[in-house]
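Now, the feature entries from Swiss-Prot:
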BINDING   GLY15, THR16, SER17, LEU18, ASP19, GLY20, VAL21, ASP22  ATP binding site
Amino acid sequence: MLKGGAVWALGTMSGTSLDGVDAAMVLTDGERILEFGETRYRAYSEAERAVLRAALGRWPGEAAVAEAAEVVEAAHAELLAAFRGAEIVGFHGQTLAHEPGGRGTHQAGSGERLAQALGVPVVWDFRSADVAAGGQGAPLAPFYHFACARRAGADRPVAFLNLGGVGNLTWVDPRQAAPEAPGACLAFDTGPANAPINDLMQARLGRSHDEGGRLAAEGEVAEAVLARFLDHAFFARMPPKSLDRDAFADLLPAVADLSDADAAATLTAAAAAAVARGAAHFPTPVRQLLVTGGGRHNPVLMAMLEARTGIEVVPVEQAGLDGDMLEAQAFAYLAVRVARGLPTSAPSTTGVPACLGGGRMSRPEALALQP
């Protein structure tokens, strides 16, 4: 059993970019964040990335999925062994397939191997219960955002914007009693963010991303393409809502006839315009968007966001948070919530019918008793 009060929790995140694994420690009781601890990163090798790429979109029972699980578990075991003092681990795994309302969701990697290797309880498979109950299974960081706003002493609603492959917004009111309370959190995906820009750069120029937004800065936005993008049915749906990375697969073909610079400018504007559409759903206005994820390093995107939303847009570091480790910290926090029977999602965050605590826990002592 996990002791009472605050404990040091270690969380991990491996995102859709397949770059590597983030790991971070947080001192928390599952409600408050008392202290931030050590952080580490382990990059995937090219060989490991190739195995993971081969498993994307596949489901358990296929050989590629088993091979991906081996890579994920070994990489995490190596990284997490370097930490000291963790009393519980929140292990997200690597999402390979995610079909809410369809086949479900699957993250490669079992918490059992990590529990045996590390000798502490491991919480994993955070999303399946939410999806099985009718939720989207994402996003799961909003309850942590609520705790971050509380820790920062916020006395009014705050919004967090994550700019990864897909963008997502979290609106929180830290004046509410708890993150699962009615009116405390609203979260949803905004639309494509970095993914189309990165795909364009890779396809046309062999680069992983538009460094500093320099290419977009040289181009002009194709307003007709942008208008067609904003006509997509996704933008008419009310939140909460989630989006697969490839749901807007027609966006790259839409800029095929544009120059490299104009295409980059148009895709960057599309990411900003999608966020502006999303911000219109906030229950009450906010003064700032606190931005996390790789997109915060793109000054052109940040400027477009500010222009289109009319809200001050700042990197989350200005609030004393670590924009590179926020999601890993979130799964450390969520692990303690799971261990203590607290909810990890709500109707206003994933669309699940009622507040729900997801996750499975593997304990090393229980595994040792297995034949």
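Glycine too: its Cβ is placed from the backbone N, Cα and C atoms.
Keep in mind that this is a model prediction, so the values were computed, not measured.
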Near ATP: residues not in GLY15, THR16, SER17, LEU18, ASP19, GLY20, VAL21, ASP22 with Cβ within 8 Å of the site Cβ centroid are MET13, SER14, TYR44
Hey, what's the Cβ neighbour count for THR16 (ATP binding site) at 10 Å? 16
If you count Cβ atoms within 10 Å of the Cβ of ASP19 (ATP binding site), leaving out that atom itself, what do you get? 15
DSSP three-state assignment for GLY20 (ATP binding site): strand
So if I draw a 10 Å sphere around the Cβ of GLY20 (ATP binding site), how many other Cβ atoms end up inside it? 18
Other CB atoms, at most 10 A from the CB of VAL21 (ATP binding site): 23
